[in-house]
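Worksheet: the structure to be examined is printed underneath.
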């Protein structure tokens, strides 16, 4: 029997769900290299490989068979070929721009453990999709709002969430649509560097975000009485500001967010919150030219920088802080702890803080490969984001479950296990 790759699900799976990989038809104890390849939408190649030895029966199941040293990872890692994918171009991050098309994963079984590996013994293709069948993608151009709404299949209304990304700008949709696959109505919201929105992030007005909140609260497919906010990085401090000043927010989840306003002036009505001060002399540059900016921001508890601390004690919502303890973008754990202290000092409930050791700044949905360093638009150079690949991947899986459970609990009143299956 010729060797073959067996996948489950066989042909296509959602990007955030596990993929079972096995090889059959090998010789007993045969040594092989497994290689995964994926090209992003710009054509850049991501690859991972691992060395394995088949069992006495010529079978190789990644759920039960540990990878041997010498590849991209070792040990029992059923999803290692996906989370260990690395760009062949340095400082390149895997992102999905068009969520309506899948990523195509190529899997190969190669002879032996030598470098470069031997001849191809078997190969397979698999689609990693972002939109579950029946999820509706609705571009939103309503007043000033520039966004995309994702609605789950079936008759709503559904618990509603606004999803914000960081200083990269534009309109990333992939996290919002993956979340919609799990039963939420999610609005991916652009706020700068997109269509007719401001090109730069010098000043942000909270009235724009208020428009988006009201859009969701008034939508007939969104279950009230309030909505959730999900933000990473700069999107995190924007969500904190929205929760502090705007009505109709029930639950706010922050991924490596700040409790101080960062990077731009924030205005709302007659209120102005200045950006937290920075000291560029605190940038450390490695021999390879990558910047470590973790110490650049001033302390929002001291001097005039206290004016940048967002008054989150005004918020009438539940908070969840997701923290990567190896975040090198800024001190996420410090921000979460100070936010918690501020809330409790004002008689508010203690927020949930979930810390992940070995996780860096970009905690994405599950199975996105860790990006160790890439271009930071505000800093203007390559910066390190922190993280150790295996721990970071585990954090992404754990955080994704925590975020969904948090929103299910506070937006539907049900634990996530009891929601109707899609």
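Here the Cβ of each residue, glycine as well, is placed from N, Cα and C on the backbone.
According to TrEMBL, the domain 'BAAT/Acyl-CoA thioester hydrolase C-terminal' annotation covers 205-412.
If you look up TrEMBL, you'll see 233 (among others) marked as active site, charge relay system. Cβ neighbours within 10 Å of residue 233 (active site, charge relay system), excluding its own Cβ and spanning all shown chains: 27.
There are 25 other Cβ atoms within 10 Å of the Cβ belonging to residue 327 (active site, charge relay system). As annotated by TrEMBL, active site, charge relay system applies to 327 (among others).
Annotated active site, charge relay system per TrEMBL: 361 (among others), in sequence order. Contacts of residue 361 (active site, charge relay system) defined by a Cβ separation under 8 A and a same-chain sequence distance of 6+ are given as 233, 256, 324, 327, 328, 329, 330, 332, 385, 386, 387, in order along the sequence.
For the domain 'BAAT/Acyl-CoA thioester hydrolase C-terminal' (205-412), the model's pLDDT averages out at 96.
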